[in-house]
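These features come from TrEMBL:
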- 1-17: compositional bias 'Low complexity' (COMPBIAS)
- 147-159: compositional bias 'Basic and acidic residues' (COMPBIAS)
- 160-169: compositional bias 'Basic residues' (COMPBIAS)
- 209-221: compositional bias 'Polar residues' (COMPBIAS)
- 222-235: compositional bias 'Basic residues' (COMPBIAS)
- 274-296: compositional bias 'Basic residues' (COMPBIAS)
- 1-25: region 'Disordered' (REGION)
- 142-173: region 'Disordered' (REGION)
- 203-296: region 'Disordered' (REGION)
Amino acid sequence: SDSGSDSGSEDSSLSDSELQEAFSRGALKPGLNVVLEERPKRRNDADGLKQCLSELKQQLAWVERLDVTSGQVVDPASQSASNKDAVDPENDFQREMSFYRQAQAAVLEALPRLRKLQIPTRRPDDYFAEMAKSDQQMQKIRQKLKSKQEAMERSERAKQLRAMRKYGKKVQTEILQRRQKEKKNMLNAVKKYQKGLSDKLDFLDEEQTSSQGNKKGSASQRIKKGPNAKRRYKNQKFGFGGKKKGSKWNTKESFNDVSSFRSKVAHNKGPGKGGKKALNKRPGKRARQKMKSRAR
């Protein structure tokens with residue numbers, strides 16, 4: 001309990017012993033702290049405010065003060081005087097627009113007076129004003145703005161890539177669906193043909209014509225394209241050389257032409273054929289043995 005009283009006394013402005021001493025001296029009396037049931041009313045002492053203003057006000061020229069007093073300006077969109085006091089103080093937009101119009105009216109009133117006093121209101125071209133922020137701070141701001149712009153550009157590029165991927169995927173799915181549909185139609189036509197429900201295979205004719213058209217188109221492209229520069233140079237230097245493939249094939253005319261046929265040559269019965277064969281023929285075993293015995 002003593003520790004609790006000590007902690008409570010530390011929190012309060014007066015300790016228990018001081019309160020007891022004050023009570024014994026009679027310093028504590030009822031009515032020192034009065035609870036107010038209502039808030040005090042606010043006073044608008046206009047006379048006191050004017051007196052304070054007259055004490056603070058200095059009698060200086062208007063050039064030194066540059067103060068302009070203007071009342072509430074009527075909205076030019078509605079020139080009726082009934083809307084003059086129709087600004088709702090709770091409406092932020094109307095309140096700010098009222099301040100803006102009042103500031104414009106003050107500027108229009110002050111500029112002619114400044115021109116009359118020959119006071120320049122525009123900054124000269126060679127006017128040098130020191131920046132409120134240092135170059136390092138402005139460099140940081142510039143880098144920050146640049147990083148934000150780069151991030152926006154990256155996000156825009158990523159968005160475009162996503163859109164292109166979506167479009168490519170859509171085209172790919174459309175192509176796959178069309179191929180599946182064509183395949184399904186072809187299978188259905190084949191089934192009908194097998195069952196005897198149809199006696200035509202028009203889809204095969206269409207495929208053949210399309211493939212032939214593609215081949216013709218490719219051949220025409222090859223003909224139009226022609227040989228390259230290297231091939232043309234070699235043709236100019238060495239010539240074309242004529243046809244190589246199938247040059248030794250037999251034809252109907254060569255098959256029927258027998259003017260160069262010689263029967264004796266064909267059967268090895270021509271003059272001098274036997275002598276050549278006899279000279280070139282090797283003797284037999286017995287002949288060789290006789291030749292050896294004679295030589296001995």
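Cβ atoms here come from the backbone N, Cα and C positions, even for glycine.
Taken residue by residue, the compositional bias 'Basic residues' (160-169) breaks down under DSSP into 10 helix, 0 strand, 0 coil. Residues of the compositional bias 'Basic and acidic residues' (147-159) grouped by DSSP class, helix first, strand second and coil last, total 13 helix, 0 strand, 0 coil.
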